[in-house]
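Structure, as structure tokens:
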Amino acid sequence: MSTPSARTGGSLDAWFKISQRGSTVRQEVVAGLTTFLAMVYSVIVVPGMLGKAGFPPAAVFVATCLVAGLGSIVMGLWANLPLAIGCAISLTAFTAFSLVLGQHISVPVALGAVFLMGVLFTVISATGIRSWILRNLPHGVAHGTGIGIGLFLLLIAANGVGLVIKNPLDGLPVALGDFATFPVIMSLVGLAVIIGLEKLKVPGGILLTIIGISIVGLIFDPNVHFSGVFAMPSLSDENGNSLIGSLDIMGALNPVVLPSVLALVMTAVFDATGTIRAVAGQANLLDKDGQIIDGGKALTTDSMSSVFSGLVGAAPAAVYIESAAGTAAGGKTGLTAITVGVLFLLILFLSPLSYLVPGYATAPALMYVGLLMLSNVAKIDFADFVDAMAGLVTAVFIVLTCNIVTGIMIGFATLVIGRLVSGEWRKLNIGTVVIAVALVTFYAGGWAI
């Protein structure tokens with residue numbers, strides 16, 4: 001006779017195809033917790049950035065958790081992929097500093113712009129345009145995007161703990177930070193520990209490292225302190241003003257605002273699409289043609305999350321590259337994403353706990369994932385010289401410009417021009433050329449973020 005737990009495990013396994021994809025329920029939950037810890041910083045960073053632009057931080061905190069929670073749960077249930085949704089940091093910065101502070105657009109109009117961006121983004125996804133872009137993504141550029149994102153993660157993590165800093169002097173743009181600081185030492189030691197644990201195939205090695213460093217930080221770092229467990233979420237500021245449903249769609253249709261909406265859409269299309277492709281590839285969730293399994297559902301969920309963001313008062317949403325931390329921990333199904341979503345909904349009431357995980361506890365995980373993504377170099381076909389070089393150009397300029405879309409644009413342009421100059425124009429397809437022209441025009445017109 002089967003026990004209730006066995007039946008539960010069986011139903012989970014059947015729904016999420018856990019065994020079929022070579023995983024276990026425990027492995028998926030650990031992967032989800034790993035991803036959550038790697039991206040929980042967003043509930044602090046996003047309210048802080050939008051708060052500088054006049055958004056009520058407490059209300060933004062709630063909205064950020066709702067977007068990440070519900071978006072990730074839908075991704076898991078519908079697309080069955082280990083991809084976590086959250087408010088995109090780059091698009092949050094654009095919303096706060098360019099739209100509101102730079103163009104002096106009101107908060108309701110900015111939220112209307114986010115909503116319109118989400119609607120256009122969803123139309124592009126639902127009509128198959130995003131899938132078409134993925135089908136016309138050259139192999140070199142696709143693998144180069146994965147390499148570039150890996151390098152980008154390494155730079156983000158190293159800069160976040162002060163290992164690499166902006167050069168205060170003339171010369172190169174970056175410089176070595178203070179190597180002897182506690183965050184830097186903990187990050188590098190943590191990276192080495194993760195590598196050792198992964199070599200030994202210790203289950204949940206990344207998660208154990210994050211928890212271990214957090215405990216060390218709580219003991220020795222005065223900036224990490226226990227301030228309680230529970231806190232009731234607030235949907236409005238101290239004056240009772242709520243962001244939910246406060247968007248001004250008609251204001252966002254103003255000709256002055258529309259170019260910014262289109263810039264958000266173009267950036268999201270290529271940034272998020274490249275991220276989803278890279279993380280799915282890292283998790284071996286591509287079919288025999290190199291396309292994402294149930295990719296259409298993932299792309300639509302990703303875009304619809306931005307519609308929800310505009311309604312509840314948050315920044316545009318996107319799949320987080322930190323999802324790769326979960327796939328590195330073994331996540332292969334939507335149960336990973338659902339775990340992330342449930343944890344974000346719980347953190348609504350446990351917000352003090354989010355401050356117990358310092359940046360230097362998650363930095364080693366991001367560094368390790370970045371290193372893993374560099375393995376995409378081995379997937380590049382160097383027998384096709386132009387395609388291979390375009391891929392490497394994509395990778396290098398993603399990290400040099402700190403912008404995924406810019407790297408993809410330069411990679412596409414390099415491929416098309418390289419094919420023409422080398423006499424290999426017959427290898428080009430119309431889709432690749434159209435995307436290259438669209439991206440170059442987007443940048444030449446000054447609309448890029």
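A Cβ is built for glycine as well, from the same backbone N, Cα and C atoms used for every other residue.
It should be emphasised that the depicted structure is a prediction, and the values quoted were computed from it without experimental measurement.
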Please identify the range among 203-222, 423-442 that Swiss-Prot labels transmembrane segment.
203-222
Taking DSSP helix as H, G and I and strand as E and B, the topological domain 'Periplasmic' (163-180) has 0 helix, 6 strand, 12 coil
Short question: which residues 6 or more past the ends of the transmembrane segment (203-222) have a Cβ under 8 Å from it?
26-27, 30, 33-34, 37-38, 182, 186, 190, 193-194, 197, 325, 328-330, 356-358, 360-362, 364-365, 368
Would you say the transmembrane segment (142-162) and the transmembrane segment (81-97) are touching, if the rule is that at least three C-beta pairs must lie under 8 angstroms and be 6 or more residues apart?
no
Which whole-number mean pLDDT does the model give the topological domain 'Cytoplasmic' (1-25)?
73
Taking the transmembrane segment (255-283) as reference, which of 26-49, 60-78, 142-162, 297-312, 361-380 has the most Cβ pairs under 8 angstroms?
142-162
For the transmembrane segment (60-78), could you work out the same-chain residues 6 or more beyond its ends whose Cβ comes under 8 Å from its Cβ atoms?
16, 39, 42-43, 46-47, 50-51, 84-87, 233-235, 243-244, 297-298, 301-302, 304-305, 308-309, 312-315, 317, 319, 333-345, 347-348, 351
